[in-house]
Amino acid sequence: MNFADFHFLRPWWLLAVLPAALFLILLVRHRQGRGNWSEVCDAELLPFILQDKPLQQSRGPLFGAGFAALLTILALAGPTWQRLPGPAFRNDAALVIALDLSKSMDAADIKPSRIGKARYKIADLLKQRKDGQTALLVYGGDAFTVTPLTNDTATIDSQLTALTTDIMPSPGSNTGVALNAAVALLRQAGLVKGHILLVTDGVDADVAEQAEHWLGDYRLSVLAMGTPEGAPIQLQGAGFLKDSNGAIVVAKLDEAALSTLAQHGRGIYQPVTANDADVENLGRLFNSADTDSKNLDSNLLLQQWDEKGPWLLLLVIPWAALQFRKGLLLALLCLLPLPKNSYALDWQSLWQTPDQRARQAFEQQQYQQAAEQFANPDWRAAALYKAGKYQEAAETLKNTQSAEGHYNRGNALAQAGQLQEAVQAYHQALQLEPGHEDAKYNKELVEKKLKEQEQQKQQDHNQQNDQKQDKQDSSDQQQKQPKDGESDQSDKDSQQEQKPQDKQQTETKQDAEQNKAKEDQQQSEAEAKQQEQPAKQEPSDAEKAAQATEKDETQRANEQLLKRIPDEPTGLLKRKFKYQYGQRNRANQSGPAW
């Protein structure tokens, strides 16, 4: 211990000794009184009033409180007398890897192919990265960022398997655009110096000459993929890539141009090797800091004072524990707010968040329990939907702002029978994402169902009108038929009429009987339809159970199909790059398509 270096890191805390001492003095004076009689009687009369001498009060607690307060103040002041050395420099050298995804990288002059070998080499290089930030971009006719500068190399490694030549929206190998994109990543991170690694099989000569002007203070190295002899470019379907004359294209490694590019970039030119020699050479370059940084690291150590104040609090803890006497804690409880309800400890809650436990319950098809535990509204709505509570699921997604949320809300509303509201939800999803095919399909399906319901209502309305008309015609016909008195009178009159009149009356009677029979048949058919209609509208319990079982089986089959669909990040990157390429609206680059 060197007392010459003893000092306080926060000496202003020592001023707290004054108010603490003043408080203790006032407390001592208050306790010097000999009972309540000293407040109402003179001190000279107290010996004649009191039979016994007042008990002397112990001053131990006061001295203990003063000592504890002093130790606490000293701990807050931060006493120290020793320095601890620490590293003063961290290697923040950044690396941007630019991977060529032109068609020539599909050539198989190195096994398994140029692009396959490049992915392996990049993965090995990432494993050697000790510190510093790393980024990955790919380029063809244009350049796109896969992963920005990050210290997490595992994220970059997970994206490598999805990088193929088919994901590029424009053909070609525009090295100039790739270099500009790499420099932009370094500048956006505020880095003055950094490395760029170009993984490619060729470059234009004019780009190699202009590289030094584009790079500035950044260094460029090249990992050359391929052989000078080259190989045909295998197409994904069948056959090989051909030029405009119908000749098979042989992609050869342009060593001269790539070497010139690395020379202008103040880096190294490294041909690909069958062993790890290429990765080790590049790793030594990228993992080493600049010369100035090395000197700074070797000559300077960061000195930090080792604070000893917290050790003084160990002496305060025993005194504080002694102050919790009987009855004192009970008085303190009156000053505390009511505690929350106490529940039994769930062992899983120590290792999993509520959303993780809810996710586990969801996978075990315990949807009601998952819905109660989910904090994420999207997942909670999904659990409610699986539990059959469609209305609650729709209410959960009421304030959603995403296209997927409106789509799921539309599904819940459709299952709840609110078809018109479901159409509106699908419409909102399509407004946010016009290319949402599922929302478009479900919207058309629900609209078709609404039209069928309208047609059914119209048919029911027409049937009711026909039934009313048939009943009215039947009543009119009954009024037109002759009554008993009229029949007798007609018999008397018929004796006086001629034979042609008898024939005409007979025919009229036959027509009336035929009309009545037809009306009775129509009425019986209408009653049969009325009996069938409620049966269609209100299925039996057995039919409902069968429909529910069929629906559950269909749902499970769909889930099994979805589980069999493999994860394909390649398609996601392809759509992402295509969208970005369309947003940039660049002119087509002239040059070969490979």
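Glycine residues also receive a Cβ, built from the backbone N, Cα and C atoms like all the rest.
Database features, via TrEMBL:
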{"type": "TRANSMEM", "residues": "12-28", "note": "transmembrane segment"}
{"type": "TRANSMEM", "residues": "62-81", "note": "transmembrane segment"}
{"type": "DOMAIN", "residues": "94-305", "note": "domain 'VWFA'"}
{"type": "REPEAT", "residues": "403-436", "note": "repeat 'TPR'"}
{"type": "REGION", "residues": "450-594", "note": "region 'Disordered'"}
{"type": "COMPBIAS", "residues": "450-460", "note": "compositional bias 'Basic and acidic residues'"}
{"type": "COMPBIAS", "residues": "481-530", "note": "compositional bias 'Basic and acidic residues'"}
{"type": "COMPBIAS", "residues": "538-567", "note": "compositional bias 'Basic and acidic residues'"}
{"type": "COMPBIAS", "residues": "582-594", "note": "compositional bias 'Polar residues'"}
Folded-back contacts onto the transmembrane segment (62-81), same chain, C-beta under 8 angstroms, at least six residues removed: 1-3, 5-14, 16-17, 20-21, 24, 27-28, 31, 305-310, 312-313, 315-316, 319-320, 322
Outside the repeat 'TPR' (403-436), six or more residues from its ends: residues with CB under 8 Å to it: 378, 381-382, 384-385, 390-391, 393-394, 397, 442-443, 446-447, 449-450, 453
Average model confidence [pLDDT] within the repeat 'TPR' (403-436): 87
Residue distribution over DSSP helix, strand and coil in the compositional bias 'Basic and acidic residues' (450-460): 11 helix, 0 strand, 0 coil
DSSP-derived helix, strand and coil totals, residue by residue, for the repeat 'TPR' (403-436): 27 helix, 0 strand, 7 coil
